[in-house]
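What follows is one structure encoded as structure tokens, with my remarks underneath.
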């Protein structure tokens, strides 16, 4: 029907054997009644943060995950399809909408070889997944690969013709699951040690403190390196020694200028010339010599 053909004929024996195992809701639909308009939505979003669902009707996804068939709501929570779950809830501030032109290119490239189009797409969170292979008593599919994930109630089962093919799939899935678990463990370890949430850390550029030198212009400016020097040296650089170099330096890198050691307060400290020269941080606080 409509260019779709059966791999093997369906007889009464096969229908009886598989009739009780078919669960449409776990594959391509939602249990109970589903509003037809939700299946027609073309809104697709991409996750910008990891999110772990706290309820059964919420989605769990990792950063860069693509959620399809999104229905926007007014309460800050949207509904969409991801990881085999249909029209489950997720927070709207954890995702960004994919632009229409980019979405069309994404859909065209990923569905051109699929009979069922976008309905045939899906994804699994393999973090901590358990994989087993076993016999599958079906024509043309003698082996099965069963994948049990941490956020799914029922296992995901794949079919394979040869045992070698099933073993190859198992090894690849186990390797991917191990890498995903290792990344998650490393992220949690970093959060505990630095007391910084990964979502916040991804938004921050950490700078390395280095000594200021003129050779930096020859080897190239580095955006995540910064230098500190006192106001006397800064005034000499921007007014006499290297005015153009000082401007070019601050187009790429950060600097911090602190008051000279002779100052006991900042009452007559004027940071405006430093700001005009590109310096991003001018410390106005009391600065003791050598500290």
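In case you wondered, yes, glycine gets a Cβ from its N, Cα and C as well.
Just so you know, TrEMBL annotations never went through curation; they're auto-generated.
Now, the feature entries from TrEMBL:
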- 40-100: domain 'SH3' (DOMAIN)
- 200-290: domain 'PI-PLC Y-box' (DOMAIN)
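Per DSSP, the secondary structure of the domain 'PI-PLC Y-box' (200-290) breaks down as 32 helix, 15 strand, 44 coil. Summed and averaged per residue, pLDDT over the domain 'PI-PLC Y-box' (200-290) gives 77. Residue counts for the domain 'SH3' (40-100) under DSSP, split into helix (H, G, I), strand (E, B) and coil, are 5 helix, 28 strand, 28 coil.
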